[in-house]
Amino acid sequence: MGSSPPKKTTLQRYLSQLQQHPLRTKAITAGVLSGVSDVVSQKLSGIQKIQLRRVLLKVIFAGGFLGPAGHFFHTYLDKFFKGKKDTQTVAKKVILEQLTLSPLNHLLFMIYYGVVIERTPWTLVRERIKKTYPTVQLTAWTFFPVVGWINYKYVPLHFRVILHSLVAFFWGIFLTLRARSMTLALAKAK
């Protein structure tokens, strides 16, 4: 009797999918991590019944935009800088990411969260963004450059979006709790 090939572990299957279908795998990973992050943040913020619509909308945003945007951004940077990982090149990559993709991601998330998830009128969302976006972005700049440095210096290209998605898991909890506290503060002020 012939022996059957050993079964692949979940990690091996995931890595195989990442190799064969990198964009799809990164998009799904970003979406799943964003959804789980939102469930955790809802529980931490005291919501008794999970708001599935909100979770699904955050999965759609992360899977439809954040994962693919990260995939293409990191791929482009690696091609542009020819895969170099010297200190000067890593610094350039971090600066480029922090001055382009990071502000864009945060701005689009805040717009999406207000208009689509909360169904808040655009004029109110715009006012909220004017008040809170600078603080959110400045806070991101206190630790995301370190994440970027680690990512560009030590993490292979095909894992960079995954690492970023894992960090974004916690960042998403922070942003959600911050957005909720700002909404409550605005409601109390009225």
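A Cβ is built for glycine as well, from the same backbone N, Cα and C atoms used for every other residue.
Per Swiss-Prot, the feature topological domain 'Cytoplasmic' maps to 1-54 (among others); the stated evidence is sequence analysis. With DSSP states grouped into helix (H, G, I), strand (E, B) and coil, the topological domain 'Cytoplasmic' (1-54) comes out at 37 helix, 0 strand, 17 coil.
Swiss-Prot lists 55-75 (among others) with the feature transmembrane segment. Under 8 Å from some Cβ of the transmembrane segment (55-75) lie the Cβ atoms of residues 22-23, 26-35, 37-39, 42, 97, 100-101, 105, 108-109, 112, 116-117, 157, 160-161, 164-165, 168, 172, all in the same chain and six or more residues away from its ends.
With helix defined as DSSP H, G or I and strand as E or B, the topological domain 'Peroxisomal matrix' (76-96) counts 15 helix, 0 strand, 6 coil. Annotation comment: Swiss-Prot describes 76-96 as topological domain 'Peroxisomal matrix', evidence class sequence analysis.
What Swiss-Prot records for 97-117 (among others) is transmembrane segment, and it gives sequence analysis as the kind of evidence.
For the topological domain 'Cytoplasmic' (118-131), same-chain residues at least 6 beyond its ends with a Cβ under 8 Å from one of its own Cβ atoms are 107, 110-111, 182-183, 186. For 118-131 (among others), the entry in Swiss-Prot reads topological domain 'Cytoplasmic'.
Only residues 6 or more beyond the boundaries of the transmembrane segment (132-152), in the same chain, are considered here, and those with a CB under 8 A from a CB of the stretch are 77, 85, 89-91, 93-94, 97-98, 102-103, 106-107, 110, 160, 163-164, 167, 171, 174-175, 178-179, 182. The annotation transmembrane segment is assigned in Swiss-Prot to 132-152 (among others).
Residues or ranges marked as transmembrane segment in Swiss-Prot (evidence: sequence analysis): 155-175 (among others).
The feature topological domain 'Cytoplasmic' is assigned by Swiss-Prot to 176-190 (among others). When Cβ-Cβ distances below 8 Å are used as the criterion, the topological domain 'Cytoplasmic' (176-190) is approached by residues 37-38, 41-42, 44-45, 110, 113-114, 118, 128, 131-132, 136 of the same chain, each at least six residues removed from its ends.
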Task = Would you mind listing the long-range same-chain contacts of the transmembrane segment (155-175), meaning Cβ under 8 Å and 6+ residues beyond its ends?
result = 18-19, 22, 26, 29-30, 33-34, 36-38, 40-41, 44, 58, 62, 66-67, 70-71, 74-75, 78, 83, 106, 109-110, 113, 136, 139-140, 144, 147
Query = What are the helix, strand and coil residue counts for the topological domain 'Cytoplasmic' (118-131) according to DSSP?
reply = 10 helix, 0 strand, 4 coil
Task = Could you pull out which residues elsewhere in the chain have a CB under 8 Å from any CB of the topological domain 'Peroxisomal matrix' (76-96), counting only those six or more residues past its ends?
result = 145, 148-149, 152-153, 157
